[in-house]
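*Asks:* Have a look at the structure that comes next, please.
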Amino acid sequence: MELSGERVGVHFRMRGKIVRAVSGFYYVQTDTGATLQCRARGIFKKRGVKPLVGDRVNVEAQGTKEGVIVEIAPRVNELTRPSIANVDQVFVVLSLIEPELSLYQLDKMIAMVEEQNLPLLLVLTKAELPGAIEVFQQIEPVYRAMHYEMIALSLRAGMGSERLTAHLKNKTTVLAGLSGVGKSTILRFVVPGADVAVGSISEKGLRGKHTTTFVELYQTEHGFIADSPGFSQYSFESLEPDQIQYLFRDVKSEALHCAFRGCLHETEDGCAVRNACEEGRLAATRYASYRQILQEVKDAKNRRY
Ligand SMILES: Nc1nc2c(ncn2[C@@H]2O[C@H](COP(=O)(O)OP(=O)(O)OP(=O)(O)O)[C@@H](O)[C@H]2O)c(=O)[nH]1
Ligand SMILES: [Mg+2]
Ligand SMILES: [Zn+2]
């Protein structure tokens, strides 16, 4: 392959993006379309900087296949689970059926993304299965009212795929969701030829056989996308109980009317959030999810002291 870039001494300097990191090697996709296996310059280690998948970097190419990362551009953001930088948005993926949709799981994942201050798209899969659309139609208005966009997707039936790809345009997207919901199926659809396994551990019962253990960014014609193995281990344990309300858009806006100082909006008589739930302005399922996550955070805190 012909390399192009700025010639510095005997090396070529190029810009690129780290798309994969494996035991000290960084695979950099350059703006010219090459992929270089790179080491990071020692100075990063001294400064305590670890290059991340998603980093924009400057690379000194050594030949056509290898290089050295000499500079890392300032990060827009940085997720820890999965470990990835410069993420624009998260697709929260859940199946409507098989496995059956858990609203608690849905609300928990939304809260995780809210904590990261990232835009999200709710992708509800297996929409062609019997009963799936009914589930979708029941819940969609609740989330739309909070300005979350929700797509009913079935790549088997060709449902929702255009809207899905439209959302990828010029973005770096992370797919988040539990095992078996169809993340790799989405990835294979948007990155034809991507070497990702579908229908993995849950079906074959071989632990770790196909699970993605590291983050990898794939380039699509629309942007970059990553499968994300780490999201399910996420916890809110670093948060204080009174911060949880801000991760629920609907609870947060009702809480503005709560007259009690320091109220966690649980069982207090006259609490505006509780009232909103009783009067049907706040979905009971959302309130239940809020209460459950709040309780988990309180329990975790009690265990620490
Ligand atoms: N009926 C139906 N099945 C689907 C759909 N999308 C994915 N599946 C199936 O669901 C199973 C799991 O899909 P995967 O894409 O491997 O799920 P995953 O989220 O990557 O799972 P992990 O890699 O274990 O985290 C596979 O058997 C897929 O064929 C869909 O829209 N409809
Ligand atoms: Mg998968
Ligand atoms: Zn209250």
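Here the Cβ of each residue, glycine as well, is placed from N, Cα and C on the backbone.
TrEMBL annotations: computationally assigned, not manually curated.
Below are the features listed in TrEMBL for this protein:
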DOMAIN    76-234  domain 'CP-type G'
DOMAIN    85-232  domain 'EngC GTPase'
BINDING   GLY177, LEU178, SER179, GLY180, VAL181, GLY182, LYS183, SER184, THR185  GTP binding site
BINDING   CYS258, CYS263, HIS265, CYS271  Zn(2+) binding site
*Asks:* Given the binding-site residues GLY177, SER179, VAL181, LYS183, THR185, CYS263, return the subset with CB under 6 A from an atom of ligand 3, ordered by sequence, or none if empty.
*Replies:* CYS263
*Asks:* With DSSP helix as H/G/I and strand as E/B, how many residues of the domain 'EngC GTPase' (85-232) fall in helix, strand and coil?
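*Replies:* Going by DSSP assignments, the domain 'EngC GTPase' (85-232) contains 47 helix, 32 strand, 69 coil.
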*Asks:* Closest to THR185 (GTP binding site): which of the binding-site residues CYS258, HIS265, CYS271, going by Cα position?
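*Replies:* Closest candidate to THR185 (GTP binding site), judged by Cα separation, is HIS265.
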*Asks:* If you count other CB atoms within 10 A of each CB, which of VAL181, CYS258, CYS271 wins among these binding-site residues?
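*Replies:* Result of the Cβ crowding comparison: VAL181.
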*Asks:* If you count CB neighbours within 10 Å, which one among the binding-site residues SER179, THR185 has the smallest count?
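*Replies:* Taking SER179, THR185 as the binding-site residues, the minimal 10 Å Cβ count falls on SER179.
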*Asks:* Express the distance between the Cα positions of VAL181 (GTP binding site) and HIS265 (Zn(2+) binding site) as a whole number of Å.
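*Replies:* Cα to Cα, VAL181 (GTP binding site) and HIS265 (Zn(2+) binding site) are separated by 32 Å.
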*Asks:* Rounded to an integer, what is the Cα-Cα distance in Å between CYS271 (Zn(2+) binding site) and SER179 (GTP binding site)?
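*Replies:* The separation of the Cα atoms works out to 38 Å.
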*Asks:* Work through the binding-site residues one by one (GLY177, LYS183, CYS263, HIS265) and point out the residue whose CB has the fewest other CB atoms within 10 angstroms.
*Replies:* CYS263
*Asks:* Looking at the binding-site residues CYS258, CYS263, HIS265, which has the shortest Cα distance to SER179 (GTP binding site)?
*Replies:* HIS265
*Asks:* If one measures from the C-alpha of CYS263 (Zn(2+) binding site) to the C-alpha of GLY177 (GTP binding site), what distance in angstrom results, rounded to a whole number?
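*Replies:* The separation of the Cα atoms works out to 32 Å.
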